[in-house]
């Protein structure tokens, strides 16, 4: 942005527009250290950041226009609609008993303890892909599979690594995942194109991970077999697996995200009611899938609303353009651009302590750089998403580890050396997801350029 095109100016020169962001990052790191990672805390920090930005702007009267411009961003509108509908669908699938039904499938086999980690990985991957939530999958699977694994002599950290890997598999791939939505929309790409193009990378990384979980499971577990005891009364809920299948089919036919989610939400509601998985009263009560699903996304939506105001202030000041121009100078070719997008995604994920928030943070800059070099939106979206999800697999203050460590500490028989360091060495899927994309950059494999799409 040229000087004459600036709409607002900050005190502090070129550093001024970045002071609120710096304060926000320091605040997020602080609350993570203090273990105050609820989203409402992030929202308070973001609100405080807006106040700082207001007082740093030279012409205070113009701040209202900046805020309104941020709220009028079309991407924000799409994100709000998508998050609301995705929240409802995710809640419908989880409350239906689908999780318990998937776990029950393992009860028909007498499993060698060495297969518990790979079973945990597969179940968690299915749930996170179907529901679009890594944290929900971890909360659902870990309390079941970790005690079973410990009782059978499995390595507790290996089981946790498998659960985290499975959760991140779906978080990266699921069409209703907030990371998929955020990466696609910030890169101006269609959800179905993004999911289809990243599927081979996910399957390669997931396949390698599954093999390693079998190998390490056999090496670390006692020889023997058992029957997993689980309630089979909810096996009917497996019918709901048709919902994500229909979602993918509709998107391949060109349906937009909102229309697809409305169809899938409606179908899931009908199936749950017809099969008696969720009663009509439960469907509409405060904790039910509709109201509860909406409420589950409100903190994320509030964060996006506040965050877009901050981003707009950066845009209006020319700060984002300055950073983009600086990054462009570092870009010498298609390969270096892709690595810079990955580095930006790592940075965004770490400073915001989350994959979707990290993608939202660096997405606009990545989109501008990708367009400059003719890189396809699907490619930049996949680089952002894969890197952000993989980064969460190695950062101790990201949700997967906070959940795993807190829940694992309550399990009887958990070993004394159970910690982030004992788990992270088994985070196979995020590791190989990152490696697969790095190899694709170095070799030039995949549809990288927009002209190739």
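Placement of Cβ uses the backbone N, Cα and C atoms for every residue, glycine included.
As written in TrEMBL, here are the features:
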DOMAIN    17-217  domain 'Na+/H+ antiporter NhaC-like C-terminal'
TRANSMEM  15-34  transmembrane segment
TRANSMEM  40-57  transmembrane segment
TRANSMEM  78-95  transmembrane segment
TRANSMEM  115-142  transmembrane segment
TRANSMEM  199-221  transmembrane segment
TRANSMEM  233-251  transmembrane segment
TRANSMEM  257-278  transmembrane segment
TRANSMEM  290-311  transmembrane segment
TRANSMEM  339-362  transmembrane segment
TRANSMEM  383-403  transmembrane segment
TRANSMEM  423-443  transmembrane segment
Two-stretch contact, the transmembrane segment (257-278) and the transmembrane segment (78-95), at least three Cβ pairs under 8 Å: yes
Chain residues in Cβ proximity to the transmembrane segment (339-362) (below 8 Å; excluding those fewer than six residues from its ends, i.e. six or more beyond): 25, 28-29, 32, 37, 42, 171, 178-179, 181-183, 186, 300, 303-304, 307, 327, 330-331, 369-370, 380, 383-385, 387-389, 391-392, 395, 397-399, 437-438, 441
Arithmetic mean of per-residue pLDDT over the domain 'Na+/H+ antiporter NhaC-like C-terminal' (17-217): 86
Same-chain residue ranges lying at least 6 outside the transmembrane segment (383-403) that approach it to Cβ under 8 Å: 29, 32-33, 35, 37, 134-135, 138-139, 142, 164-165, 167-168, 171-172, 179-180, 183, 186-187, 194, 198, 201, 338, 341-342, 344-346, 348-350, 353-356, 358-359, 362-363, 366, 420, 423-424, 427, 429-431, 433-434, 437
Tertiary contacts of the transmembrane segment (423-443) (same chain, 6+ residues out, Cβ under 8 Å): 121, 155, 157-158, 160-162, 164-166, 168-169, 172, 201-202, 204-206, 208-209, 212-213, 216, 335, 338-339, 342, 382-383, 386-387, 389-394, 396, 401, 404-405
